[in-house]
């Protein structure tokens, strides 16, 4: 394992943070979209629906590429067991903390808002379990997937150095055209798996834990591995940080196809399978778009950016119940969708930042929401 730290990737830190924070306008716009959610405005907005669809079509694919990149970077820095422990603690502890402190109260709130408290006793044991699985994992699903990907990638990451010893990467072999074909085929494979499950045992697709543990992991594992490969091969990383007109145009066409599928597709037909193919290739092309823009605009050190990089996970964790509270109790009193959307951003972001500052002053909460053990004062003094 290397003891020499890799150069700081400021633009990747920034992109990861902004993708996390983008969850706030994503969920607030969901209130005002045509999509059915826990809470919705009286009249939907077409432009907020379009905005919401655009974010949804690529955000998490790019996020998992960055996660794979940093995961492999740390894999080279730590012994295997320590690497796994650190990575799982960093995402597992905040996830387990957020369930009783955030998503459980959120679930109780929604039961009263949607007037479902009287129906709860009538549900079967499985229906209660499945409802809790969906509602308690909620927006924390990506943390669960990261824990699974970290565990699964032990074997993959261990195999990478062995492969490097026996073969040398060829720049021509990892072109964006070839990657596009590979991800198209991966999207087709995922669609085929989903269709087979739909034919053989369709009910399992409505199971919350199966969706998070199996389906979401299967979809995002190629992006996670791609991120690790981008760290291993500088030429591959350079392809993503260099603007590509083909990727930009391809992403635009893919988004139009995504919208058409949303508009005319049917869940009983091939809508979800088609969406998986579209978002697989669009996610790849948006990696180039986002990385190249980020490399040009965000590749610098800034105290303000560092603040939001450090705060992004906490803000993301607390924003969801705040958004639902806003949608349930404040949205009905604002007639304008635009004003409601802007007020929602101010409301959620403002309270989230206040809560973030409060939690920084409580060591136990700071540990629980970050997964990072506190640095002992004695150690700091010794270093100083």
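Glycine too: its Cβ is placed from the backbone N, Cα and C atoms.
Keep in mind that this is a model prediction, so the values were computed, not measured.
Under the heading transmembrane segment, Swiss-Prot lists 17-37 (among others).
Residues or ranges marked as transmembrane segment by Swiss-Prot: 54-74 (among others). Beyond the ends of the transmembrane segment (54-74), by six or more residues, the same chain brings 6, 9, 12, 15-16, 19-20, 22-23, 25-26, 29, 83, 86-87, 142, 145-146, 149-150, 153, 157, 160, 220, 223-228, 230-232, 251, 254-255, 258, 278-280, 282-284, 286-287, 290-291 to within a C-beta distance below 8 angstroms of the stretch.
Remote same-chain partners of the transmembrane segment (91-111), defined as residues 6 or more beyond its termini with a Cβ less than 8 Å from a stretch Cβ, comprise 38, 117, 120, 132, 135-140, 143-144, 146-147, 150, 313, 317-318, 320-321, 324-325, 328, 367-371. Under the heading transmembrane segment, Swiss-Prot lists 91-111 (among others).
Summarising the annotation, Swiss-Prot assigns transmembrane segment to 140-160 (among others) and lists sequence analysis as the type of evidence.
The transmembrane segment annotation in Swiss-Prot covers 173-193 (among others), and the record cites sequence analysis as its basis.
Outside the transmembrane segment (212-232), and at least 6 residues removed from its termini, the chain residues within Cβ reach (under 8 Å) are 60-62, 64-73, 75, 133, 137, 141-142, 144-145, 148-149, 152-153, 156-157, 160, 164, 169, 174, 179, 183, 186, 190, 193-194, 205, 240, 276, 280, 283-284, 287. Swiss-Prot lists 212-232 (among others) with the feature transmembrane segment.
Below 8 angstroms of C-beta separation, residues 50, 53-54, 57-58, 176, 180, 230, 275, 278-279, 281-282, 284-289, 291-293, 295-296 of the same chain, each at least six residues beyond the ends of the transmembrane segment (240-260), sit close to that stretch. Under the heading transmembrane segment, Swiss-Prot lists 240-260 (among others).
Annotated transmembrane segment per Swiss-Prot: 274-294 (among others), in sequence order.
According to Swiss-Prot, the transmembrane segment annotation covers 311-331 (among others), on the basis of sequence analysis. Residues 16-18, 20-21, 23-24, 27-28, 31, 37-41, 94, 98, 102-103, 105-106, 109-110, 113, 138-140, 340, 343-344, 347-349, 351-353, 355-356, 359, 369-370 of the same chain sit 6 or more residues outside the transmembrane segment (311-331) yet have a Cβ under 8 Å from a Cβ within it.
Within its own chain, the transmembrane segment (338-358) has Cβ neighbours under 8 Å at 24-25, 28-29, 31-32, 41, 45, 48, 311, 314-315, 318-319, 322-323, 326-327, 330-331, counting only residues six or more beyond its boundaries. According to Swiss-Prot, the feature transmembrane segment maps to 338-358 (among others).
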Best-contacting stretch, by C-beta pairs under 8 Å, relative to the transmembrane segment (173-193) and drawn from 17-37, 140-160, 274-294:
274-294
Please indicate, using numbers and ranges, the residues of the same chain that are 6 or more beyond the transmembrane segment (140-160) and have a C-beta under 8 Å from a C-beta there.
60, 63-64, 67-68, 71-72, 75, 80, 84, 87-88, 91-92, 94-95, 98-99, 103, 212-213, 216-217, 220-221, 224-225, 228, 232, 317
